[in-house]
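S.K.: Here it is, the structure, as structure tokens.
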Amino acid sequence: MQEIIASVDHIKFDLEIAVEQQLGAQPLPFPGMDKSGAAVCEFFLKAACGKGGMCPFRHISGEKTVVCKHWLRGLCKKGDQCEFLHEYDMTKMPECYFYSKFGECSNKECPFLHIDPESKIKDCPWYDRGFCKHGPLCRHRHTRRVICVNYLVGFCPEGPSCKFMHPRFELPMGTTEQPPLPQQTQPPAKQSNNPPLQRSSSLIQLTSQNSSPNQQRTPQVIGVMQSQNSSAGNRGPRPLEQVTCYKCGEKGHYANRCTKGHLAFLSGQ
């Protein structure tokens with residue numbers, strides 16, 4: 001009734017103008033001070049604040065949805081530049097690690113969110129379409145719903161507000177459900193013709209040479225076998241005739257088996 005008889009909406013007091021223009025606001029003595037209890041800077045929202053880090057009001061950029069866990073302990077050094085919220089809001093706290101990992105939290109006064117794991121499970125798109133091959137072992141939620149008869153016929157007057165289910169007939173294509181490309185189905189032998197032909201011809205020659213019992217092996221095969229035997233022989237320990245003791249300088253034994261002592265090399269000079 002007072003607003004109808006004596007409205008003051010057209011009157012603007014000097015105090016309101018001073019608050020909007022931040023008149024009398026003194027800059028901070030040094031940057032990095034805690035401004036969690038201060039108001040939001042109106043000029044920063046309009047990109048017109050020239051005080052920078054010395055501004056006594058908060059500079060909020062974007063929508064911050066999670067509370068800063070370092071700010072809760074008084075250890076956040078970013079100040080207004082922090083990408084998390086510097087405000088104690090229980091609805092915007094981070095998720096509790098122990099409750100999400102083990103399903104329980106022993107802290108009765110835990111400040112973090114305890115989110116029900118069932119709420120994180122999404123609906124199965126295959127089951128909503130009509131059939132899911134994974135059955136009860138599916139990692140997604142299988143919710144039984146009653147299909148709208150009007151929607152199956154072709155039109156439902158209720159639209160999105162219908163209490164029955166409007167099924168989706170498009171197939172959900174995942175990374176594992178996609179059919180292979182035609183290039184991947186081709187065998188690798190068709191891509192390069194020359195190397196397999198040369199390899200097959202060499203195998204035919206070797207089998208034809210080894211098929212006759214009276215025919216001797218070719219020098220190439222013998223050379224390959226000798227090189228294999230020599231490489232196999234080099235893998236073993238060397239004979240003692242080729243071993244030289246670095247203590248006494250004589251051959252025939254290792255340095256750890258030398259009986260002349262560590263000053264034996266002086267006797268040879």
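Note that Cβ sites are derived from N, Cα and C of the backbone, with glycine treated the same way.
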S.K.: Given the candidates Ser200, Ser208, Ser230, specify the residue that Swiss-Prot annotates with phosphoserine.
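M.R.: The candidate carrying the phosphoserine note in Swiss-Prot is Ser200.
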S.K.: Among Ser161, Ser202, Ser227, which is the one flagged in Swiss-Prot as phosphoserine?
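M.R.: According to Swiss-Prot, the phosphoserine annotation belongs to Ser202.
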